[in-house]
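Colleague: Following this message is one structure expressed as structure tokens.
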Amino acid sequence: MYTLFSGLYKYLVQKNEYCVLILGLDNAGKTTYLEAAKTKLTKNYKGMHPSKITTTVGLNIGKIDVSGIRLNFWDLGGQEELQSLWDKYYAESHAIIYIVDSSDRERIPDSKETFDKMISSENLSGVPLLVLANKQDITDCMGVREVKPIFNKNAHLIGRRDCMVMPVSALNGDGIDEGIRWLVDCIKRNSVIRPPRDQDDM
Ligand code: G3D
Ligand code: MG
């Protein structure tokens, strides 16, 4: 009887959980993006004021329930010394959000190199990838038309996976909803290959 009820309870209450890594160079806007996504998609969540967001040392975590699933976001620090830790998380992840600072032309090559290294990882093969051209609110920033060809250049590394480049402003929230909804569809489709985490393991 207990098993029957606990089974029913699980069926009704538990959501499939997926892990989404938020990656990109330091200062790209990863933490600001996570705060904005939580604010947009979580009822009654009052986001942290952008001035309170400081450089991420280590790991910053957030969860969002959307379209019947739970997304656990891991915002990993982007400084060079921390990038070496990223691949420890790859095997566990169901999607990647890669954030680019579109206003910082000087660091685009650096960001692209970091991006290529990331997508070359075996542990990430087939994982859906959302590239965000962030800081679109800044005049003179690179538009998505300019950012897209740069990050799409190595198609052989991107391989057979869902990949999208979208414009966004983490600061004012533009483009956040669209990105997350696109990612959710991809994660669900890809769950045959990368099934959700079993909650009993958590
Ligand atoms: P990180 O977590 O990737 O290191 P942060 O980046 O989220 O800490 O953001 C780094 C700086 O970029 C912050 O400014 C933040 O306010 C700013 N930023 C993030 N997203 C946007 C955006 O969409 N538009 C603009 N204009 N700025 C953004 P400070 O001045 O606090 O360092
Ligand atoms: Mg940060």
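Heads up, the Cβ atoms here are built off N, Cα and C, so glycines get one too.
Just so you know, TrEMBL annotations are computer predictions that nobody has curated.
Sharing the record's features from TrEMBL:
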type	residues	note
BINDING	Gly24, Leu25, Asp26, Asn27, Ala28, Gly29, Lys30, Thr31, Gly78, Asn134, Lys135, Gln136, Asp137	GTP binding site
BINDING	Thr31, Thr56	Mg(2+) binding site
Colleague: For Lys135 (GTP binding site) and Thr31 (Mg(2+) binding site), what Cα-Cα distance in Å is obtained after rounding to a whole number?
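Modeller: Counting only the Cα atoms, the answer is 13 Å.
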Colleague: Which is it, of Gly24, Ala28, Lys30, Thr31, Asp137: the one of these binding-site residues whose Cβ has the most other Cβ atoms within 10 Å?
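Modeller: Compared across Gly24, Ala28, Lys30, Thr31, Asp137, the most Cβ atoms within 10 Å surround Lys30.
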Colleague: Distance check, please: Cα of Thr31 (Mg(2+) binding site) against Cα of Gly24 (GTP binding site), rounded to an integer number of angstrom.
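Modeller: Thr31 (Mg(2+) binding site) to Gly24 (GTP binding site), Cα-Cα distance: 10 Å.
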Colleague: Suppose we screen the binding-site residues Gly24, Asp26, Ala28, Lys135, Asp137 by Cβ distance to ligand 2 with a cut-off under 6 Å; which survive, in sequence order?
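Modeller: The qualifying binding-site residues: none of them.
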Colleague: Helix, strand or coil for Lys30 (GTP binding site)? Use DSSP.
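Modeller: Its secondary structure by DSSP: helix.
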Colleague: Would you mind pulling the DSSP three-state label for Lys135 (GTP binding site)?
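Modeller: SS state of Lys135 (GTP binding site) = coil.
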Colleague: Over all shown protein chains, what is the count of other CB atoms within 10 A of the CB belonging to Lys135 (GTP binding site)?
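Modeller: Taking all protein chains shown, Lys135 (GTP binding site) has 23 Cβ neighbours within 10 Å.
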